[in-house]
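Undergrad: To start, I am sharing the structure in question, which I have written as structure tokens.
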Amino acid sequence: MESWSRCLERLETEFPPEDVHTWLRPLQADQRGDSVILYAPNTFIIELVEERYLGRLRELLSYFSGIREVVLAIGSRPKTTELTVPVDTTGRLSQTVPFNGNLDTHYNFDNFVEGRSNQLARAAAWQAAQKPGDRTHNPLLLYGGTGLGKTHLMFAAGNVMRQVNPTYKVMYLRSEQFFSAMIRALQDKSMDQFKRQFHQIDALLIDDIQFFAGKDRTQEEFFHTFNALFDGKQQIILTCDRYPREVNGLEPRLKSRLAWGLSVAIDPPDFETRAAIVLAKARERGATIPDEVAFLIAKKMHSNVRDLEGALNTLVARANFTGRAVTIEFSQETLRDLLRAQQQTIGIPNIQKIVADYYGLQIKDLLSKRRTRSLARPRQLAMALAKELTEHSLPEIGDAFAGRDHTTVLHACRQIKLLMETETKLREDWDKLMRKFSE
């Protein structure tokens, strides 16, 4: 049930993910018209869910799919046949069921926070939405780490297509759903109907195509679906967690097709964009937080938008629960464990290893006294990344680089910032390395 999956994903940004995994993911959702039955294995879980989560579950299920009633029950979901696309008995797309293609209307271009790291991707998605099927951006491939806004832009483009032309048939699927639908069609001997469903839409949006790696039959079917849509000038928008040519297990001919249109990277947001995202998400929730709190979260959380949103949700939830004002002190206290975990994830040794591997060096090369250009530039870049991604002081960073003086670190940071304005290759290296830390 698609709306239940989206509900769980949203809840993981509002509550501790381990709590969602423990108490909510074991539930089995069964939709009956405008009602949903959530089956739990025992009374204890039902009582806990009812006390802690039921109100929010009702809100989200109503938002995602118009569900009016949510019921908790002990047992297991009955076996049912799930249709991914509304079809009639002839295999044509049903004209009696409003076609929304699993689009989440919450995501649009207005609530997407634009920054240097994503402005090209936003512009590309907007163009695809305005001129679907145009060969300059068909297919449109958005790639980058988790939680950087790829799916947001995909939904936003699909929603604009539907706004411009309400009869436009836009289908959004995660790659796992495409795979599951194909497996069901093989089992039911209904592959012809499966193919017609996808060939008769106006735009196809598929998330996380790296999931296709190693699945030969799935790639075969997607290859033919891609060709049919492309030849018919229907828009294709895809996302991937990395540049497709770097995905092992994707067939060369599929990689070639993906390169026909426009491929755009989304990088981790810089500090200013992170702060703007926190403030925008707070406004969406109707919460008011001081700028300095947004700056605190932006400075401490570097990896992706989901982490920023998770920190904000934790902060707002505790403020509402305790009735306390959101101050710097309150924020540091509330987010202490979360921020500590973030810092432990990205440490200077980790940065040194990733930079050394990226340039084909050894860590001892970065720490050596040699000043050849092939070593000096990666060393400076590693120092600048340590300044950007950790809370270590300049002297501490210098100590980690074989006892270098803090002025050396400061010079490296300034030099990298200056050179990135003119050297495209260095800027690309910086962006690629930042993406590695968001994975």
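Heads up, the Cβ atoms here are built off N, Cα and C, so glycines get one too.
Because the structure is a prediction, the values reported are computed rather than measured.
Just lifted these from Swiss-Prot, have a look:
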BINDING   G147, G149, K150, T151  ATP binding site
REGION    1-75  region 'Domain I, interacts with DnaA modulators'
REGION    75-101  region 'Domain II'
REGION    102-319  region 'Domain III, AAA+ region'
REGION    320-439  region 'Domain IV, binds dsDNA'
Undergrad: At a 10 A cut-off on CB-CB distances, which of the binding-site residues G147, G149 has the highest count?
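TA: Within the set of binding-site residues, the most crowded position is G149.
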Undergrad: List every residue in the same chain as T151 (ATP binding site), at least 6 positions away in sequence, whose Cβ is under 8 Å from its Cβ.
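TA: Spatial neighbours, sequence-distant, of T151 (ATP binding site): Y107, D207, T239.
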Undergrad: Looking only at the region 'Domain II' (75-101), what is the mean pLDDT?
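TA: That stretch averages a pLDDT of 46.
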Undergrad: Starting from the Cβ centroid of G147, G149, K150, T151, the recorded ATP site, name every other residue in that chain with its Cβ within 8 Å, sequence order please.
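TA: Counting only non-site residues, the set is L142, G144, T146, L148, H152, L153, T239, I266, N304, V305.
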Undergrad: So for K150 (ATP binding site), how many other CB atoms are inside 10 Å of its CB?
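TA: By my count, 27.
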